[in-house]
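What TrEMBL says about this one:
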| type | residues | note |
| --- | --- | --- |
| TRANSMEM | 63-85 | transmembrane segment |
| TRANSMEM | 97-119 | transmembrane segment |
| TRANSMEM | 131-150 | transmembrane segment |
| TRANSMEM | 162-182 | transmembrane segment |
| TRANSMEM | 188-206 | transmembrane segment |
| TRANSMEM | 226-250 | transmembrane segment |
| TRANSMEM | 256-274 | transmembrane segment |
| TRANSMEM | 286-310 | transmembrane segment |
Amino acid sequence: MNLFLDNLASPLVLAFLLGFASQAAGGKIRLAESVRETIATFLLLAIGLKGGEALGNAPLQSLALPLLVTVLAGLVTCLSAFSIARVALGVSRPDAAGLAAHYGSASAVTFIAATHFLVDRGTPSDDWLSAALAVLEMPAILLAVLLASGRGSRLSSTLQEVFLARASVLLLGGLLIGFISGPTRVEPIMPLFKGLFHGVLMLYLLDMGAMAAEGFRSIRATLGRLVAFGIAVPLLHGTLATVASTWLGFSPANATIFGTLVASASYIAAPAAVRTSIPEANVSMCVTAALTITFPFNLLVGIPLFYSIAFAL
């Protein structure tokens, strides 16, 4: 219990709660769209650079198994979310596929919050996990398109959409820059990306809290079932991923991050791909579930829970 209370005292969590409470009370705390996009660009590029720098220092063969496990996790969680949505929510096949695309992918902001949580406790994870974040986006979205139609006719356009999505370009581009340039050449620019990182993240979470509060207004009709889905699915996925990755030899810190990644849901790359490739899906419902329910759950409960599981095994 102390771990959960300690997490609530984090400046990042408190910023999210401030944004949520202010917006719910009728305040006007949302950041301008241009500011939000600039902050997102900064955060995603910073993650990519750190991951690329770490990849340059690690033997690539040692990362083959973790990245393969990441791809499999994306496929399994996509199938799981699709099945649960069909049975428990009773939604249409396209809507279930849309939810599967979001819940099989990952949230970069949740990833950042989890890494900050570990650093605060003196148990940092390895930077190569940024590569796992980038890899996790693609398999689930492609599989979701197949689940929606049962055909592969849209796969080529979906693949292009996923690769050219803003989040993918910044993450993969940052990884390549960090990997090709190497630690020595990257070092002069890292004070900007490392020094300002957590302060900028706090601003972003303030805005995310306000955005989550706005989302609650659009799900009142299906609030009960969607809340149950948005909590049960990440709880199931994250717990299994934490246990499995520990069994595979991940360190407790890396298992915490991996469990958090698998438990998270995308609300940046996945919505754009789903709008294009599964136009019949209710994207608003998917984004609301991912951002308004699952993101706060992981921020407040999921991250400390997966940490407790990983360090107890």
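Quick reminder: no glycine exception, Cβ is built from N, Cα and C everywhere.
Note: TrEMBL annotation is automatic and uncurated.
The transmembrane segment (256-274) makes no contact with the transmembrane segment (188-206): fewer than 3 of their CB pairs lie within 8 A, with pairs spaced 6 or more apart in sequence. Counting same-chain residues at least six beyond the ends of the transmembrane segment (131-150), those with a Cβ under 8 angstroms from any Cβ of the stretch are 47-48, 51, 54-55, 63, 66-67, 70-71, 73-75, 77-79, 82, 93-94, 96-98, 100-101, 103-106, 108, 111, 158-159, 162, 165, 167-168, 171-172, 175, 257-258, 261-262, 266, 269-270, 273-274, 277-278, 280-281.
Looking at 63-85, 97-119, 162-182, 188-206, 286-310, the range that has the most CB pairs within less than 8 A of the transmembrane segment (226-250) turns out to be 286-310. Contact between the transmembrane segment (188-206) and the transmembrane segment (97-119) is present: at least three CB pairs lie under 8 Å, with pairs separated by 6 or more positions in sequence.
Here the listed stretches are 63-85, 162-182, 286-310, and the one with the most C-beta pairs under 8 angstroms to the transmembrane segment (97-119) is 286-310.
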